Amino acid sequence: MLFSHPPIRLAWSSAFRSARQLPLSRPRFFSISVPRYAVDMETVDTTERLSRLRQLMKDHQVDVYIVPSEDSHQSEYIAPCDGRREFISGFSGSAGTAIVSLTKAALSTDGRYFNQASKQLDSNWVLLKRGVEGVQTWQEWTTEQAEGGKVVGVDPALITASGARSLSETLQKNGSSLKGIRPNLVDLVWGNDRPSPPREKVTVHPEKFAGKSFQDKISELRKELEKKKTAGFVISMLDEIAWLFNLRGTDIPYNPVFFSYAIITPTTAELYVDDDKLTPEVKAHLGQDVVVKPYDSIYADAEALSAARKQDAGDAAPKFLLSNKASWALSLSLGGEEQTEEVRSPIADAKAVKNDVELSGMRACHIRDGAALIEYFAWLENELVNKKTTLDEVDAADKLEQIRSKHELFAGLSFDTISSTGPNGAVIHYKPEKGSCSIIDPNAIYLCDSGAQFLDGTTDVTRTFHFGKPTELEKKAFTLVLKGMIALDSAVFPKGTSGFALDVLARQYLWQEGLDYLHGTGHGIGSYLNVHEGPMGIGTRVQYTEVPIAPGNVISNEPGFYEDGKFGIRIENVIMAREVQTPHKFGDRPWLGFEHVTMAPIGLNLIEPSLLSDSEIKWVNDYHAEVWEKTHHFFQNDERTRSWLQRETQPISK
């Protein structure tokens with residue numbers, strides 16, 4: 001599962017005798033016969049919705065209105081009740097910003113969703129392709145629409161304080177202004193059709209899985225706050241709260257979190273969550289250490305804290321710490337910049353470094369998850385090739401979930417399974433829908449990006465298979481991606497190295513061909529938490545220069561290759577950073593490397609061994625031997641799957 005950037009339209013020659021003879025520069029477009037696939041996605045008529053929104057904008061004296069994707073906690077994944085951008089635009093991808101003026105509307109998203117957005121947006125909308133040269137950012141488009149002293153409105157709960165300041169400064173240069181608008185105007189348009197907020201129960205995440213008590217975590221956080229000489233920390237990120245208190249929920253699909261806020265001071269711990277969501281077990285778990293308050297009272301309490309701080313010591317009083325991802329609304333309630341200090345959350349940093357119990361859980365859950373994947377791919381090949389069964393992408397995804405659910409400690413999926421055949425694989429965050437998805441073609445590449453939540457860890461894995469005979473082009477592309485994945489997996493680097501610096505390792509072999517993939521190479525992964533976790537990552541994002549890879553980080557390694565309209569390739573393992581022994585220690589500092597924990601075969605018939613070095617062939621063979629060793633015992637009574645696993649983990653050679 002991955003971040004950012006667009007799929008690439010590639011140019012390859014079909015006139016070659018072997019993989020090594022593929023042209024290295026200025027290749028020509030090739031032509032292959034591609035069966036017809038159902039890739040259309042439903043387009044929503046937004047005319048009436050936009051008309052009603054524009055009337056509300058006039059009522060609130062707003063000329064341009066911004067509709068972000070995020071909720072009040074700046075969550076990447078959101079509950080259905082917070083799907084405002086999707087409701088107003090019709091675009092269902094997980095990332096994007098909608099901007100509506102009194103006469104125009106635009107949707108900005110990144111390259112994972114260009115294909116999807118172009119299909120889902122109706123004629124009312126302009127698609128702003130983020131990161132494409134010559135295309136305006138949503139901020140630039142907004143500023144242009146607001147020229148002449150116009151007012152731009154946004155729900156202050158849905159934009160970060162830093163984002164609001166930056167946009168406001170840009171607008172002011174243009175003679176325009178930014179205005180916080182409550183209630184949310186899209187909610188008013190949505191009306192009674194808007195889904196109700198979730199009311200599911202919160203559960204305790206036992207220490208045998210968490211590895212540390214919540215009291216110890218709060219104690220360590222207080223030590224950090226003491227170093228910063230702050231009055232306290234106001235927490236709004238849902239995964240940080242779940243991690244800190246060793247609690248989990250189901251308020252957001254695939255993310256075991258619950259709607260809440262928290263305030264930690266040197267002497268108090270307050271958790272803002274509605275009481276009816278807390279079971280007796282949760283209340284006993286929190287005990288006398290935590291004061292529970294209603295979820296909606298956070299803003300009033302923040303204002304009271306701000307007022308009390310001013311009254312007690314004025315401007316000389318310690319400031320409250322606030323995450324740089326916290327909302328503008330929360331910042332304003334605490335008194336804004338004068339009374340808050342925005343920083344990268346110390347909880348995010350602590351959460352990203354898994355303890356020994358969490359790391360052991362990650363290893364264990366990935367073995368079980370690997371067994372599920374092996375059973376699934378063996379089943380899928382048998383159905384498609386031997387039984388000639390007609391299966392669509394959703395049928396296959398449902399089967400994978402069914403197989404996963406049989407395994408110990410399974411708690412659900414970690415994201416929507418990307419089950420994609422042929423050209424659908426080039427839609428990087430493709431989401432198959434029953435009734436419109438494609439029938440899986442055994443003679444085309446099949447890309448499956450999936451993951452699960454287990455009580456002892458979170459998984460995320462992508463495998464690309466071909467159940468027929470792949471072309472030389474497909475094998476070449478797959479092998480280049482594999483080489484990059486191996487290079488990152490095998491990396492040794494000094495402590496303090498960032499994911500930004502490591503990113504080139506995964507891209508180098510594609511770059512040598514003048515090719516690239518325009519998404520991140522790796523993201524952090526939570527421990528029975530969000531499948532996308534910061535603050536570190538591997539990619540070209542500027543923020544990845546700020547956070548070095550540290551021992552205990554759990555990260556995805558997922559280079560890819562996408563030929564728009566034809567196929568997609570991605571190979572993804574989860575890797576854990578750890579200290580390694582080296583012959584020398586230049587600068588007398590620790591050196592780090594990675595341990596892979598994903599245990600699933602890499603499609604052998606897509607590998608072109610002649611493109612691999614001896615060390616890369618050894619890596620493939622060692623990896624497959626490890627997969628066999630750790631998973632074959634699951635199939636003692638399943639000869640079909642065991643035989644498939646044995647075949648798919650046999651050694652390769654040039």
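Keep in mind that glycine also has a Cβ here, set from the backbone N, Cα and C atoms.
Cross-referencing ASP460, ASP489, ASP503, ASP638 against the Mn(2+) 1 binding annotation in Swiss-Prot, which names GLU558, GLU572, picks out ASP460. Summary of the site annotation: Swiss-Prot records Mn(2+) 2 binding at ASP460, GLU572. Screening the candidates ASP449, ASP564 against this entry identifies ASP449 as the one listed for that site.
In the three-state DSSP scheme, ASP449 (Mn(2+) 2 binding site) falls into the strand class. When Cβ neighbours within 10 Å are tallied across all protein chains shown, the highest count among the binding-site residues ASP449, ASP460, GLU558, GLU572 belongs to GLU558. On a Cα basis, GLU572 (Mn(2+) 2 binding site) lies 4 Å away from GLU558 (Mn(2+) 1 binding site).
A strand conformation is recorded for GLU572 (Mn(2+) 2 binding site) in the three-state DSSP classification.
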